[in-house]
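*Asks:* When I checked Swiss-Prot for this same protein, it listed these features:
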- 59-73: compositional bias 'Basic residues' (COMPBIAS)
- 179-197: compositional bias 'Pro residues' (COMPBIAS)
- 212-235: compositional bias 'Pro residues' (COMPBIAS)
- 80-140: domain 'Tudor' (DOMAIN)
- THR14: phosphothreonine (MOD_RES)
- SER17: phosphoserine (MOD_RES)
- SER20: phosphoserine (MOD_RES)
- 1-20: region 'Disordered' (REGION)
- 42-77: region 'Disordered' (REGION)
- 145-242: region 'Disordered' (REGION)
- 225-252: region 'P2 (binding site for SNRPB)' (REGION)
- 264-279: region 'Required for interaction with SYNCRIP' (REGION)
Amino acid sequence: MANGAEDVVFCRGTGQSDDSDIWDDTALIKAYDKAVASFKNALKGEDGATPQENDNPGKKRKNNKKNKSRKRCNAAPDKEWQVGDSCYAFWSEDGNLYTATITSVDQEKGTCVVFYTDYGNEEEQNLSDLLTEPPDMDEDALKTANVKETESSTEESDRSFTPQKSGHAKHKSKSNFPMGPPSWFPSFPPGPPPPPPHFKKMDGRRGEGPGPSFPGWPPMIPLGPPMIPPPPPMSPDFGEDDEALGSMLISWYMSGYHTGYYMGLRQGRKEAAASKKSHRK
């Protein structure tokens, strides 16, 4: 170690390291510049095509106006429109064709008031502008009309289905409810019969239990033991040994209480079984 202390292990910047080409990111920079240049060229191409696209809507609008004028020229001039007739009219705000119904006609002025069926609006139209059928309806207007017809048909079907559905619901509700209390809980037996006239009360010791047991029925199981009487009080002057002794006595007391309660339950069941056998005899 002392002899090689002055030897040079690595010198930064000499380029003699085997992994010196790792820090050469020239290819990465060229790829990035190429991608940015292609993206800019694409943006320039879109900007050059934008004015042409902006010119197209104007031409389309002119074509739409020409088509609308042609449609209006296609209207039948000899038709005598009357109140209640169905027709197609162009709405003044958007210029689209919609289904309408004539509500009033003014033959002197050559105008009428139409009620747009799908939207509920009213507007005054010239009788010459009304159409009996849409000859060359625009795609957007045709889609709108189809959507409205579909919605109206679905609403009618829903209305027609509603009473039937309610009838089925009523039928189901009637069938789901039981006819009487016995069918609510089929797994439980019915209530006990009234006691016979010759039934005698239990003695005082048994009367303190959960309740009388009827003949032919098993004894009723109590819900739980009554309140446990409090343990005897302890003096606060007890030491550690006295505390341990007191804890032991309390545990014996509680154990004896629960043991007596359990034995009492067993004795009560035996007496109930014996009385049941005697009644059968």
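Cβ atoms are placed via backbone N, Cα and C, with glycine included.
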*Asks:* Please spell out the DSSP helix, strand and coil residue counts for the domain 'Tudor' (80-140).
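*Replies:* Tallied per class, the domain 'Tudor' (80-140) gives 5 helix, 27 strand, 29 coil.
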*Asks:* Write out how many residues of the region 'Required for interaction with SYNCRIP' (264-279) are helix, how many strand and how many coil, based on DSSP.
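*Replies:* The region 'Required for interaction with SYNCRIP' (264-279) comes out at 16 helix, 0 strand, 0 coil.
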